[in-house]
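> These came from Swiss-Prot, pasted as-is:
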MOD_RES   M1  N-acetylmethionine
MOD_RES   S65  phosphoserine
MOD_RES   T66  phosphothreonine
COILED    131-170  coiled coil
REGION    142-176  region 'Disordered'
COMPBIAS  157-176  compositional bias 'Polar residues'
Amino acid sequence: MERESGCAAAGETEAAAATAFRDATRQISNERGFENVELGVMGKKKKVPRRVIHFVSGETMEEYSTDEDEVDGLDKKDVLPTVDPTKLTWGPYLWFYMLRAATSTLSVCDFLGEKIASVLGISTPKYQYAIDEYYRMKKEEEEEEEENRMSEEAERQYQQNKLQADSIVQTDQPETVSSSFVNINFEMEEDCEAIKENKQRPVSVPP
C-alpha cells in the first residue's frame with residue numbers, strides 16, 4: 001500500500017512538473033512575441049485543374065495553373081477592380097458604358113471579320129500564289145524528266161532489239177547463199193553434161 005501511494009505521489013509530482021514547465025515555456029514565448037501553433041496533419045487542399053484536354057485516342061491531360069499564373073491573376077484583379085456603375089455619377093457613368101460598347105463592338109467586328117475572311121479565302125498567306133506557282137512548275141519539271149527518261153529507255157530497248165535482229169540475219173545469210181551457190185553449180189554441171197552428150201552422139205545423115 002505504501003509502495004502504491006508512493007508511486008501515485010511520484011506520478012502527481014511528475015505531472016505537476018510537466019505542467020509547470022509547459023506554463024514556463026508558454027510565458028517565455030509570449031514574452032518574445034511567438035505564437036504557439038499546434039502541429040498536426042492538415043488536409044491538403046485539392047488542386048483543381050485549370051483545363052482538361054481530351055485527345056482522340058481517349059487519353060486526357062490535366063493542365064494546372066502555376067504559381068506565376070496565380071500571382072498574375074491576383075495582380076490583374078488588383079489592377080482592374082470591379083466597378084459598380086450604379087454608384088457612378090453621370091460623367092463616369094456615360095464614359096464607362098461608351099468604353100464597354102466600343103470594346104464589345106470591336107470584339108464582334110473582329111470575330112465576324114475573321115469568319116468572313118476564312119469563308120472568302122482571304123486568310124491565305126500573302127504570297128500563296130507564288131508558292132503554288134513554284135510547286136506547279138516543280139511538278140511539271142518532274143513529269144517532263146519522267147517522260148524523257150521513259151522515252152530514252154524505250155529508244156535504248158528499240159536499238160537493242162534492232163541489233164539482235166541484225167545479228168540473227170547476218171548469221172543466217174551465208175548458209176542460204178552457199179546452198180544456193182551449190183545448187184546453181186550443180187544445175188550448171190548437169191546442163192554441161194547434157195550438152196556434151198548431145199555433141200558426142202553421132203548425127204545420122206539420111207541417104
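Cβ coordinates come from backbone N, Cα and C, glycine included.
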> Could you tell me which of these modified residues, S65, T66, has the fewest other Cβ atoms within 10 Å of its Cβ?
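Least crowded of the modified residues S65, T66, by Cβ count within 10 Å, is T66.
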> Please report the DSSP secondary structure of the residue listed as 'phosphothreonine', reduced to three states.
coil
